[in-house]
Amino acid sequence: MGIYVIFAIVMVQGFLNLSEVLIPVDGIFDDESAITAASLFVSYVIIVSSWIGYSRSLSKRPYSDNWQGSARFVLDIMILFEYFYLLSISTTEYFTEQFPAVVFTIFVTYAVWDRIKRSEYKYLKKQDNDAYENMAIRSRKTIICLAVSFAILVYHSIITEYMIETYQMSESVGIAILLVLISALVIYYRAWKWNMRETRLGFLTR
């Protein structure tokens, strides 16, 4: 229950940030305000999809009364802080350089969370091997998307800066590309992770 309350508090923080951008509403037509609104929207995509994923996961595999369950709870608190920080920097001058790094950090935490959950429910390997394998597959999917988030971070840090300096590409265009890439990654990650029909197919099962 406590995690849901903190989720709600983080969401409220996002609405407060958004109100600063949308009031007055004609401010949205300013490039800087439009980018800020877009970054907040991407943050909401990350947070809301995580909220849904957290509810689904906890309904199937609640925290166990052991160190792994406690560690998973602590990681959930860490993830919520990362979400809060993501929303906070969306309206500051630090957004451009820190946003992709925070997204990468979030995926690192996701990967650790998945690994601890597998350890927490390792007894399923004997009782329900299919369920255990599904957790392993989800963990591998997270690691793959973690690698993609790192690639996006490198792309933004090196290639975007190069394009801006060499070809005078607009910084707004670079940020827009970054937000599209992160949105696509998060949406694909959630859709891919929740769809387990292919659990017996491909290299993920090896």
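For all residues, glycine too, the Cβ spot is worked out from N, Cα and C.
Taken from TrEMBL, the feature transmembrane segment covers 34-52 (among others). With a threshold of 8 Å between CB atoms, the same-chain residues lying at least 6 positions outside the transmembrane segment (34-52) that come near it are 7, 10-11, 14, 17-18, 21-22, 28, 79, 83, 86-87, 90-91, 95, 99, 103, 106, 172, 175-176, 179, 182-183, 186-187, 190.
Residues of the same chain lying 6 or more positions beyond the ends of the transmembrane segment (73-92) and with a Cβ under 8 Å from any Cβ of it are 3, 6-7, 10, 13-14, 17, 20-21, 36, 39-40, 43, 46-47, 50, 54, 63, 98-99, 102-103, 105-106, 109-110, 112-113, 116. If you look up TrEMBL, you'll see 73-92 (among others) marked as transmembrane segment.
Taken from TrEMBL, the feature transmembrane segment applies to 98-116 (among others).
The transmembrane segment annotation in TrEMBL covers 143-160 (among others).
The transmembrane segment annotation in TrEMBL covers 172-191 (among others).
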| request: For the transmembrane segment (98-116), find every same-chain residue at least 6 residues outside the stretch whose CB is under 8 Å from a CB in it, and list them. | output: 39, 46, 68, 71-72, 75-76, 78-79, 82-83, 85-86, 89-90, 135, 138-139, 142-143, 145-146, 149-150, 152-153, 156-157, 178, 182
